[in-house]
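Residues annotated as NAD(+) binding site in Swiss-Prot, with sequence analysis given as evidence: G16, A17, A18, G19, Q20, I21, S22, N110, Q117, V134, G135, N136. The feature substrate binding site is assigned by Swiss-Prot to R97, R103, N136, R167, with sequence analysis given as support. Residues annotated as active site, proton acceptor in Swiss-Prot, with sequence analysis given as evidence: H192.
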Amino acid sequence: MNSPQNVSTKKVTVTGAAGQISYSLLWRIANGEVFGTETPVELKLLEIPQALGGAEGVAMELLDSAFPLLRNITITADANEAFDGANAAFLVGAKPRGKGEERADLLANNGKIFGPQGKAINDNAADDIRVLVVGNPANTNALIASAAAPDVPASRFNAMMRLDHNRAISQLATKLGRGSAEFNNIVVWGNHSATQFPDITYATVGGEKVTDLVDHDWYVEEFIPRVANRGAEIIEVRGKSSAASAASSAIDHMRDWVQGTEAWSSAAIPSTGAYGIPEGIFVGLPTVSRNGEWEIVEGLEISDFQRARIDANAQELQAEREAVRDLL
C-alpha cells in the first residue's frame, strides 16, 4: 500500500466555505472520505469578500483538527485562484430564494454565480476535475456552470440528488424496520425540487421486492411527498435548513464517483436521451459508477405511472433551462 508521501495531493475546492453545509463537509474531506485514507488533500476555500473572515475561522479549526492528510488550505474570494489545479469541486455557495421571489429570478441570480465559476473551472482546473453542484437550484446551476466551461466534458459536472436518494432509503428503512444498507435499486428521477420522483419500482431489501412490502397508497400519498418535501419539513422543525445531511450526501456522491460503486445511486447528470428524457438538461437518473464515470442503468421497464412523473420533471427542467437561456 502506498504511503501518503508517495501519493499525489488532490486539490479540492469548496465554495460557500463559511456556510453551514461546508462546516460539515470540509472535515469529512480532510479526513480522507472522498479520495481515500492514503491520499493527501489540499483545500481551497472560496467565499465572497464579506465572508472571508468566517472562512478564515473555519480554516483555523481545520488546522486545529490536525488531520494527517491535510496538506494546505487556501482562502480566497478569487474564483480563478480557488479552482487553480482543482481535482474536485463542491459548489455549495448559492443565493437562497428571497421572500416573494419568482423562480425565474432565483435562477437568473444564481446564474451570475455559477456562470463565472464555470468559466474559472474551465480556465484553471485540472484535467480530471469533477464538479458537484450542491447549491440550489442545483440541476440548472450545474447546466449553467457546464455551459460556461466548454473545454470540460459536460459529464464532469453533476448536480446532487444523493440527499433525496438517502432520504428515500431512510423513509423505507423506518417504515420496514430494516437497516439502510439492506436496500438496493432505489432511484430518484428528475429535479431536486418538490416535483422529484422517488421510485421504488425496482427496489429490494434482503432479496424481497419493496413494492411487495408496502402499500401502494402509502407509497404514492405519503412516501413520495415526504421525501420530496423533507427539506421543508426539517426547516419547520429545526428552524434551519438541512446542512449536515446535505454535506454527508455530497461526500457519498463524490466518493462513489471517484472510487466507483456497483450499487445504484441517484445522480443528476447530463441527459443522453435515455428513458425518453430530452437532452440538454441535468436530470436525476439511476446510475452506477465505473472507472471514474457515472453510467446510466439501462433497460428498465417504465410504467405509465412512472412515465407521467418522469415527464413532469423533464418539463420542469426544460422550463428552468428556458428561463436561463441567455446564460447558456
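Using the three backbone atoms N, Cα and C, a Cβ is placed for every residue, glycine included.
The closest partner of R167 (substrate binding site) among the recorded positions, by CA position, is H192; the full candidate set was G16, Q20, S22, G135, H192. By neighbour count, meaning other C-beta atoms within 10 Å, the densest spot among the recorded positions R97, R103, H192 is H192. On a Cα basis, G135 (NAD(+) binding site) lies 10 Å away from H192 (active site, proton acceptor). The Cβ of Q20 (NAD(+) binding site) lies under 8 Å from the Cβ of K240, S241, A243, each of which sits 6+ residues away along the same chain. Taking the Cα atom of each, S22 (NAD(+) binding site) and R97 (substrate binding site) are about 19 angstrom apart. Remark: of the binding-site residues S22, N136, the most isolated position is N136 (fewest other Cβ atoms within 10 Å of its Cβ). Note: A18 (NAD(+) binding site) has non-local neighbours L45, E47, A51, L52, G53, G54, A55, G57, V58, i.e. same-chain residues 6+ apart with C-beta under 8 A of its own C-beta. Cα distances from Q117 (NAD(+) binding site) to the binding-site residues R97, R103, N136 are smallest for N136. Residue pair R103 (substrate binding site) / G135 (NAD(+) binding site) shows a Cα separation of 14 Å. Its Cβ placed at the centre, R167 (substrate binding site) has 24 other Cβ atoms within 10 Å.
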